[in-house]
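I have placed the structure first, in the form of structure tokens, so that the comments after it can refer back to it.
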Amino acid sequence: MTDVNQSVASDFILVGLFSRSGSPQLLFFLVAVMFIMGLLGNTTLLFLICVDSRLHTPMYFLLGQLSLFDIGFPLVTIPKMASDFLQGEGSISFGGCAAQIFFLTLMGVAEGILLALMSYDRYVAVCHPLQYSLLMRRQVCLLMVISSWLAGVLNACIQTSITLHFPYCASHTVDHFFCEVPALLKLSCADTSAYELALSTSGVLILVLPLSLIATSYGHVLGAVLRMRSEEARHKAFTTCSSHITAVGLFYGAAVFMYMVPGAYHSPHQDNMVSLFYSLITPTLNPLIYSLRSREVWMALVKVLRRAGHRAR
């Protein structure tokens, strides 16, 4: 009990990302620019989906939820990291560390499941276009979103409570720029091997099951595309799916490295880089990936800008 009380009473020290860089000011500037771009991009995309009736479709409804996750991911980590750099310190309270673990694990699992469910949407759009409005009706879309959120909350509650139940009576210096479960477990003065094994096993299941759904969905999509005789239809199907495949590759590529590759095969510095990738770079790129190929998004943006121009006059 004394050990647990000691871990609760003490702050943790985060080893900032910038302290490892030879040019911390340049890296800080790049991170700040990407953070602002990501927030603007995802907020703009979410706003367009809400205000333009042409974007009130199942695909864009799910994409709006993805934008919410991509807004939340950087907000949990980047402002704290930037504040620590500007103030020259890296302390975080026990409660703050718990909040970071909870929200990051929530959004990580929820986004992974949502991306898998979005692949089903693309499968229905390409393979069963005549039944799309029935198979992807509003109730189904709401069930998809609620399921992803519930899975994220359940995972976050379990991981946060178990991780912070361990006593942290030795070093409180976390070799990471935010509180992440693997980095925190290294500081515990209790035996965490059983929990780490369970964590790895659950991580594999959380990754493999959605990836199986994605592979199955796009296997059927590929078969349907190859059977299409029209070059225009093939191009439309490819355009419809390529943005989602790119987003899946970015998200799951980083997740597989972090949670399926044994910790002995990657260093803390590599963990920091991969974490920066999925917590900042991927959320920044997603709105660009989905909007650059979408004529509907560009038309909605032009419409909003024209309205703003008329009001200004």
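Every residue gets a Cβ built from N, Cα and C, even glycine.
Heads up, TrEMBL stuff is auto-annotated, nobody curated it.
If you check TrEMBL, you get these features:
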TRANSMEM  26-48  transmembrane segment
DOMAIN    41-290  domain 'G-protein coupled receptors family 1 profile'
TRANSMEM  60-78  transmembrane segment
TRANSMEM  98-120  transmembrane segment
TRANSMEM  140-162  transmembrane segment
TRANSMEM  204-226  transmembrane segment
TRANSMEM  238-261  transmembrane segment
TRANSMEM  273-292  transmembrane segment
Distal contacts, the transmembrane segment (204-226) - CB-CB under 8 A, six or more residues away: 109, 112-113, 115-117, 119-120, 122-123, 126-127, 155, 234, 237-238, 241, 245, 248, 252, 255-256, 259-260
Recorded stretches the transmembrane segment (273-292) and the transmembrane segment (140-162) touching, at least 3 CB pairs under 8 Å: no
Among the ranges 26-48, 60-78, 140-162, 238-261, the one whose Cβ pairs under 8 Å to the transmembrane segment (98-120) are most numerous: 140-162
Overall pLDDT for the domain 'G-protein coupled receptors family 1 profile' (41-290), taken as the rounded mean: 88
